[in-house]
Every structure is written in structure tokens, then in C-alpha cells.
Amino acid sequence: MTCLPEITPGQTKLGLVIDLDTCVGCQACATNCKEWNASGHSGPLPDTKPYSAGAEGVWFNRVHSYEAGEGERGRTVNFPRSCLHCETPDCVTVCPTGASYKRIEDGIVLVDHDLCIGCGLCAWACPYGAREMDEDEGVMKKCTLCIDRIYNTNIPEAQRQPACVLTCPTSARHFGDLGDPESKVSKLVAERGGQPLMPELGYKPVNSYLPPRNRSSVAAKPEEAAPTPMDIKNPLLRWMDKVLTR
Amino acid sequence: MNPAPSIVFFTTASGAGYGLLFWLGLLRPLGLVPGQGLVALALALVLITAGLLSSTLHLGNPQRAWRAVSQWRSSWLSREGVAAILTYIPALLLGLALWVDAPTLALAAGLLAAAGAIATVYCTGMIYASLKPIRQWHHPLVVPGYLALSAFSGAVLLAMLAAFAGGGAVPALLATLTGAAALLLKRAYWQAIDAAPPIATIESATTLGFIGKVRQLDPPHTEQNYLLREMGFRIARKHAAKLRLIAQGAGFALPVLLALLAVLIGGTPAALALTLGAVLAIGGLLIERWLMFAEATHTVMLYYRG
């Protein structure tokens with residue numbers, strides 16, 4: 001059913017917390033996401049013309065880079081963009097076949113590829129561009145929050161996390177239950193003032209973005225090291241320097 | 001937004017078909033349309049069916065299209081499918097009633113078919129109007145626009161057929177009125193979307209507004225992707241002003257004048273004038289529908305283009 005499940009207090013809301021302060025834009029999350037999902041729940045993920053000009057494919061994670069602000073306040077921010085597993089996702093309710101659904105038990109938004117007719121309406125309804133059409137299979141694909149990892153009892157417990165989170169070299173990505181105020185991720189959001197994307201559209205994203213930390217003061221210019229008397233090779237000049245510095 | 005030809009054709013053809021069905025179902029039982037009305041009904045059903053079939057070409061898996069009627073509780077696309085299929089029942093009954101000349105059945109089936117036609121076009125409009133990320137579609141004038149354009153193109157077609165059957169000033173007058181109304185509505189809509197501010201900014205899309213103005217430094221990928229092709233379409237948006245003028249002049253104003261002329265002169269010249277009017281109206285609608293997509297902007301492009 002494409003009607004949204006009732007949201008009850010204390011509902012589990014699995015999602016990601018992405019730290020825009022520490023993300024270095026290395027694309028490892030996007031690459032590992034592609035690697036894992038090319039053969040998992042949503043596999044295969046198509047790549048058309050992979051070895052020539054015009055290469056493109058379906059990716060669930062895209063890392064943008066922006067410049068924000070001017071002058072001393074200005075800075076570069078790397079910005080990974082993926083499905084936010086919204087609380088009120090229109091991508092689910094517009095689906096005419098019931099292929100698109102939000103899981104009641106953890107809030108993950110998924111597509112049943114056997115029901116999808118590939119009309120593309122869900123991609124139109126998503127403000128964030130989280131859905132990309134698999135034009136080989138004619139069905140819509142999207143981030144599954146690595147549902148085939150996080151509940152997978154065949155892999156070591158420490159690895160039961162989304163591929164993007166596991167691979168991040170700066171630990172800029174965190175996974176957990178944002179419905180539980182006591183969880184690590186919820187505390188992180190509270191402590192750092194995590195923000196939703198485009199809240200004005202009313203989709204209530206579960207994923208949260210931690211803002212870049214304020215640079216309280218811009219470091220003073222490094223002082224130019226003054227030459228010591230020993231840098232002066234000519235003895236006469238060295239003597240003059242000694243006299244004049246007195 | 002990418003104006004997929006199958007969808008542009010679908011909304012134009014089916015819209016005109018449902019408009020024709022609406023007027024036929026309403027006017028034929030009242031005796032305001034000359035002749036049997038079966039030709040008009042056949043044309044309406046051909047347009048509707050061709051449009052619906054065309055819309056399935058846009059699907060990745062057309063063989064699963066039947067699944068699309070299941071989610072009518074939440075999805076306007078599903079509701080449209082249900083309404084479209086249900087409308088065939090009174091439409092075919094109307095055909096039977098006209099065939100065997102059963103006036104009571106024709107009246108009942110005609111009214112039901114007219115109601116079904118309105119419901120289907122309303123659902124079509126709501127598919128677009130319910131999409132919040134596209135401000136040009138998520139607008140109160142979108143659904144009235146779809147209804148008015150459908151009524152207009154249907155009235156022009158019915159007036160043409162009625163004129164060939166020898167008479168039918170009422171459909172021609174209706175074409176004049178609905179055409180004028182559609183023109184005014186469309187002008188108001190264009191003014192409104194031109195004046196409206198964007199619904200979101202790159203600052204709110206990235207949460208970085210607290211630092212200052214945000215601009216793109218590096219794109220996430222250097223080649224195309226589905227999002228850019230589907231949501232990033234902007235070819236010929238620069239011709240939008242000219243295309244709007246052409247749609248208004250050739251698609252609305254001229255057919256309205258031709259319909260008015262047809263009311264005054266009558267006979268074969270009227271039928272020819274209305275034929276030209278119908279061709280112009282459908283052509284104008286194709287342009288208008290193309291613009292409806294080409295001019296629409298999606299919030300995901302904030303991430304790519306700011």
C-alpha cells in the first residue's frame with residue numbers, strides 16, 4: 001500500500017547523519033554504495049557506455065561541492081546527497097502500483113522492483129533527486145539504507161551498517177535510529193544542531209546534516225621568520241647589523 | 001521538466017476526447033447536437049484510447065500497466081486510471097442508447113459519461129498539481145486549466161462534427177465561450193507563475209545559508225544522468241515567450257473567432273471554418289502542453305545549478 005504508515009511516538013526512524021564539517025568530498029561513500037548495491041537488494045545498477053564518452057549510470061549517492069559565504073567566512077563544503085527516508089515522502093503516496101512503500105518497522109523507503117511500472121512519477125515527487133530510473137530494467141531504484149547489510153546476520157555485527165557509513169575515512173557519516181532521542185545519532189544531532197534539507201517543502205526528512213563548525217577566529221598570518229645574524233655571511237655586514245641593532 | 005512526446009500527446013488527445021465525450025453526453029440527450037452522435041462518440045473514444053495507449057509508452061514496463069489501478073487511495077495517477085476505465089462503461093452504454101435510439105438510457109448514460117470525463121481530467125490535472133517540488137505545477141490554476149482546455153478542445157471538435165451534420169450553433173457557441181475562458185485562465189496562470197518566487201533556494205537545499213550565499217564548486221558527476229535529463233530539461237525555454245504568443249493566437253484566439261464566424265455564417269463554410277479551428281486548437285494545445293513541461297522547474301536542480 002502506498003498510504004503512509006501511522007507514525008507513533010517512539011517510532012524507529014533509521015537514517016543517516018552527515019557531518020558537513022568533516023566530509024572531505026573523497027567520493028568513497030558514493031563508490032562503496034555503488035559497489036555494494038550493484039549486487040544487493042537493488043542490483044544490478046546499470047552503467048551505460050561505461051568505457052567511453054557519455055558514461056553514466058544509476059547511483060544512490062552523489063557528492064556535490066559548494067562554496068558558501070564570502071571572504072574570511074567563505075568556505076568549501078562537500079555535500080553528499082542521497083535518500084533522506086522522509087517521514088512524509090510523496091514519492092510513496094504518488095506511486096500508482098504500490099511498488100513504492102515506507103516500512104512501518106524502521107521507516108526505510110523502498111521500491112518493490114517486481115511491482116514498479118517505471119512511470120517515473122515518484123522521481124518527480126522527490127524534491128531531493130533521490131530516485132534514479134534503471135533504464136535497462138525499466139524500474140525505479142533508490143537508496144535502501146543498505147537494508148541487506150544492516151539486518152544481515154551473515155556478516156560480522158560491526159559491519160551491519162550502510163556501506164557509505166562503513167567506508168567514510170573521516171567518519172563524517174553516522175547511522176542509527178533518529179526516532180530514539182537517546183541514540184548516538186540523535187544526541188549528535190542535538191549537540192551539533194543538525195538540519196533537515198528543504199524543510200519548507202514539508203517532507204520531514206529523517207536524515208540530518210550537521211553544519212560546518214564556526215571558525216571562531218581566523219588564524220593570524222604566520223609571522224615571517226626574521227633573519228638571524230648568522231644568516232649574514234659577510235663579516236663586515238654582520239658587524240654593521242650588530243651595531244645598528246643596538 | 002522533460003516534455004516526453006508520449007505524455008504531451010496523451011494529455012492533449014485524451015483531454016480533447018474527454019471534452020468531446022463530456023459535451024456529447026450533456027448535449028446529445030437534450031437534442032442540441034444534430035445527427036445521431038455516434039461519429040462524435042467514436043472520435044471521442046478513439047482520442048481517449050489513443051491517448052491512454054500513448055501514455056503507456058512512457059512506462060519502463062508497459063506490460064505491468066494494469067497494476068496502476070490499485071493505489072487509488074493515495075495516488076492521483078491511480079485514480080486517473082480507475083476513472084478512465086470506469087468512464088468507458090457509460091460511454092459505451094451511451095453508444096448503445098444512441099444506436100438503438102433509447103432516449104432515457106442516452107440521458108442517464110450521457111450524464112454519467114460526462115461526469116466520468118470531468119473526473120478523469122480532474123485526476124490528470126491533480127497528478128501535476130500534487131507535485132510539490134515543481135512550483136509551476138503545484139499551483140491552484142493547473143487543474144482548472146486542464147478542465148478548461150479539455151472542455152474547449154472537445155467543444156471545437158463537437159462543433160465541427162455538428163456543422164458537418166448540418167447545424168449545431170450551440171456547440172460552436174460553447175467553443176467560443178470555453179475558448180475565451182481557457183485563454184483568460186492560461187494568461188492568468190502564466191502571469192502567476194512568472195511572478196511567483198521559487199519555493200526553495202540552494203541555501204535551504206544545502207542548509208548552508210547561515211554561512212552566506214552558496215554556489216556550486218564542483219558537480220558530483222561530469223556526464224549526464226537521469227535527473228538531469230528528466231528534471232533538468234531547459235532546451236528552448238528561451239523561446240517560451242514566443243511559443244506562448246503562438247499558443248494564445250493560433251491555439252485559442254483564432255479558433256474562438258472561427259467558431260464565432262461559423263455561428264454567423266452556417267452551412268458548409270461553417271463546417272470548414274470549424275475544421276480549421278479544430279486543427280488550430282489541437283496544434284495550439286500541443287504547444288501549450290509542451291510549454292507546461294518545458295517551463296516547469298524542479299527543486300533537485302537547485303543542487304546542480306543553484
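Here, residue 1 is simply the first one shown, and the rest follow in order.
Yeah, the Cβs are placed from backbone N, Cα and C, and that goes for glycine too.
A quick note: this is a predicted structure, and the numbers were derived from the prediction, not measured.
Per TrEMBL, transmembrane segment is recorded for B:7-26, B:38-60, B:81-100, B:106-129, B:141-162, B:168-185, B:245-265, B:271-291.
By the Cβ criterion (under 8 Å, sequence separation of 6 or more), the transmembrane segment (B:245-265) is not in contact with the transmembrane segment (B:81-100), since fewer than 3 such pairs are found. Fewer than three CB pairs closer than 8 A are found between the transmembrane segment (B:141-162) and the transmembrane segment (B:81-100), and contact between the two stretches is not assigned (pairs 6 or more residues apart).
Long-range contacts of the transmembrane segment (B:7-26) within its own chain (CB-CB distance under 8 A, at least 6 residues past either end) are made by residues 33, 37, 40-41, 43-52, 54-55, 58, 84, 87, 90-91, 94, 109-114, 116-118, 120-121, 124, 146, 149-155, 157-158, 171, 174, 282, 285-286, 289-290, 293.
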